[in-house]
Amino acid sequence: MASMLLNSMRSCSVIQTKSKKTLARPGVKNIVLVEGVRTPFLLSGTMYVDLMPHDLARAALQGLLNRTGVPKDAVDYIIYGTVIQEVKTSNVAREAAMGAGFSDKIPAHTVTMACISSNQAMTSAVGLIAAGQCDAVVAGGVEFMSDVPIRHSRKMRKTMLSLNKAKTLGQKLSLIGSIRMAHLSPELPAVAEFSTAETMGHSADRLAAAFGVSRVEQDEFAVRSHSLAKKAQESGLLEDVISFKVPGRDIVSKDNGIRPSSMEQMAKLKPAFIKPHGTVTAANSSFLTDGASAVLIMSEEKALAMGYKPKAYLRDFVYVSQDPKDQLLLGPTYSTPKVLERAGLSMSDIDVFEFHEAFAGQIMANLKAMDSDWFAQTYMGRKSKVGTPSMDKFNLWGGSLSLGHPFGATGCRLVTTVAHRLKKEGGQYGLVAACAAGGQGHAMVIEAYPQ
């Protein structure tokens, strides 16, 4: 595996592929990605710290408007994904859309599906267009980890609600007098499964152990991700990133979590979850990130009529779900073969792979599961293994480990990156795959638009 990773870092030149048959189907509407943008993804607690989620979502929407010049009244619907919702703007899609200057006549709704929330926003847009309900939909996602809701304890909440309903002074004083120190303990949010009470980091640690992914392999993968992201950033390949003037602060124009390191430095970090023998560390995991993304999706007919040159066709997609205890993070393993079968493609047909990297151990465990006949036969009901992506086609511009992972926004980044890479590398088919909390997953096949 180490040699595979090393070779892939040396093989980031343009990939020449043979012309392949298009996935267009008679009688099926072609749906296209016209453009995709995102705010810079920043480490939580840095430049965005004083904002709110809808501020970032609004910035992404305004960036999309500026990039495309699409008339605001030409958009039929707006959908946003998010995970940890700000209670003041529970429908962040609506608040951000109006803040960005869209008409209040355009419906907007917010979806949540953990780390594949903006994937769900995009495929919901595809569904609206395919059904003939809309011609142009904006989809996106936002996450703001610099400020998350922290609740009072349940006892305190019940007391406060009762206090609000109290009629007399005596009732109010009695309720106030019932408050104890234990009532004041806050409930802190955690990236953990409700059904198992296990954090995602613990799951990643167990998954890595189950598939024999060593600490060295995880650190090598993380070094690769950061190195490739740095190279892509310096080469101007991350063209989906828009500049954003943070109110009261400077203009932000690039991701700030890309930090190439050495294996020696990586080895110094202690396990973050299962101590002292775990292999998942802060350095080989994605970091808490603030950011937002937005894409413009249209029917091909509408896009061409408005004078746009689409970036890519959005073709087949699937969602999967499995046991959230032992298979929480194996979404790519289950979703990849299903979406390839729907599209009538094989692994060798795919020119560009973009898999979500929540943890190095998680993504490498998926690769090992995909390369296992035993796993395919025992858990997937398949006769033989799925097969693994070639590393010289895999996440060549970095991934969530290095670029950052705002939970609700990552899906749009993945899809836009595939479209840009297909154009840059001369490929025809790309595949996005991601895992999500709850044991869920998503995959989508994207086809390059003819040059």
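Keep in mind that glycine also has a Cβ here, set from the backbone N, Cα and C atoms.
Bear in mind that TrEMBL entries carry predicted annotations, made automatically and left uncurated.
Quick look at what TrEMBL annotates:
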- 31-301: domain 'Thiolase N-terminal' (DOMAIN)
- Cys115: active site, acyl-thioester intermediate (ACT_SITE)
- 308-447: domain 'Thiolase C-terminal' (DOMAIN)
- His405: active site, proton acceptor (ACT_SITE)
- Cys435: active site, proton acceptor (ACT_SITE)
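A distance of 7 Å separates the Cα atom of Cys435 (active site, proton acceptor) from that of Cys115 (active site, acyl-thioester intermediate). For the pair the residue listed as 'active site, acyl-thioester intermediate' and His405 (active site, proton acceptor), the Cα-Cα distance reads 9 Å. A 10 Å cutoff on Cβ-Cβ distances gives Cys115 (active site, acyl-thioester intermediate) a total of 32 other Cβ atoms nearby, all chains included. Of all the Cβ atoms in the protein chains shown, 34 others lie within 10 Å of the Cβ of Cys435 (active site, proton acceptor). Same-chain residues at least 6 positions away in sequence with a Cβ under 8 Å from that of His405 (active site, proton acceptor) are, in sequence order, Phe41, Cys115, Ser286, Phe287, Thr289, His356, Glu357, Ala358. With DSSP states grouped into helix (H, G, I), strand (E, B) and coil, the domain 'Thiolase C-terminal' (308-447) comes out at 57 helix, 34 strand, 49 coil.
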